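Okay, structure first, notes after.
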Amino acid sequence: MIATLLSSLLLTGPISAGAETQGLLPAQDLLPDIGTSAGATLSIDQEMAMGDFYVRQMRASAPLIYDPLLTQYINTLGNRLVANANSVRTPFHFYLVNNDQINAFAFFGGNVVLHSALFRYTDNESELASVLAHEISHVTQRHLARAMEEQQRLAPLTWVGVLGSILLTMASPQAGMAGLSGTLAGAQQGIISFTQGNEQEADRIGIQVLQRSGFDPQAMPNFLQKLADQSRYVSKPPEMLLTHPLPDSRLSDARNRANQMKPHPTASSQDYLFAKMRILGMYGADENSLTPELLDKLSKGTVREQLAAKYGQAVQLYQAKKYDEARNLLQPLLAQQPGNIWFLDLMTDIDLGQNKSAAAIARLQNAMVKQNDEPVLQLNLANAYVQGRQPAAAIKLLHRYTFAYPNDPNGWDLLAQATATQGLRDQELAARAESLALSGKLTQAIGLLSDASARVKLGSLEQARYDARIDQLRRLNERFRKYQKS
């Protein structure tokens, strides 16, 4: 039932003409581009604005993982798929929620959310990519906007209530489903039918996106089969089947379409294996996910898997605060790959865990000679500067980082720490305000910026900048209030 609502779609207008016909499927199986069919309900600008609103609400209420390495990985993977999709009119943003239930969804503004459990239950990168391709296809086909049109035909609906229930579902699936059911009321059956059609449509288009992006198209039916098998042996089906209906026809259709494509077995990237190790070792309720059996299996596998096993062992040792053992395991890996950001990030954490900020700073500065624009290294170095009591250096680097990545709370939080250490109260307040604004706490953010403005010289450039930002946030707050009332 949620699947239609859980998926946003704002995109239209093909990226490249003829991309759908490049030997992917027989002509009769190709799907028409229907991305513009929902234009009567919401414009792209309106969807973008609503997406911004709900992303901010999500930051405030959902257990998002703000891990720079994982954020960079899922956005790189996601945008690789987006580059091979049609009807893309907005940027895409991918988020990771710390949730042990298998699920993913998309909503307004090209925003796609993955549960961390997907890394636990996917056997390879193609399976993970198949989930992303499915959600991206929901977006490019504008299924959420089309669902709104369908709902308007069936019965009035408060869409803020629906999307609010979606966000609640991330933290508490049962409560979210209950809230959604109450909102949908008597129109449920029509929406359910519409949803099942959307799911199959997203599968069909997603398989094409998957293949064009260089992944194995069989990964989609394989993962769907895995979900179906799991539901047969447990009393409660996987959460993903509650939000993404899986009738037999959907599974058989996905398998048939994948079988029509040229086989394309694809090895998982090193980054996928590292990300899997990191999530198993650092996130989720199960502290025993990085089992000796799994690490032993990987250590006997391919070269990439062997390297992932060593990284996983180092993560495990770091989490147990066995810093010397973790360092001894990681040091040879760094010697072989001195620019590897996964190794550099973990070694920085080990250094800071042992109060060796000077060593971390020296290593990161050396790495940034060749990777000056690498955001993961910038954040690591800024954090090392803060921990090493070099706030001036941190502030300089973080001004650059927050300018390039204004929607990352990590940068603003570190900047607030650094400016506080320097006694720059107005700048600290402004940085804290930006972090609050990203979580939708606009009234509080405006209050902090007003305080910052009052602390600087009357008529100064700093005051003009703070006041201009206050005006922006006030306008944004007024717009968001309309969404909350609608």
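Placement of Cβ uses the backbone N, Cα and C atoms for every residue, glycine included.
Listed in Swiss-Prot for this protein:
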- 1-19: signal peptide (SIGNAL)
- H134, H138, E199: Zn(2+) binding site (BINDING)
- E135: active site (ACT_SITE)
- D203: active site, proton donor (ACT_SITE)
Spatial separation of the residue listed as 'active site, proton donor' from H138 (Zn(2+) binding site) - C-alpha basis, Å: 9
Local Cβ density at H138 (Zn(2+) binding site) - other Cβ atoms counted within 10 Å: 28
Inter-residue Cα distance where the pair is H134 (Zn(2+) binding site) and the residue listed as 'active site, proton donor', in Å: 6
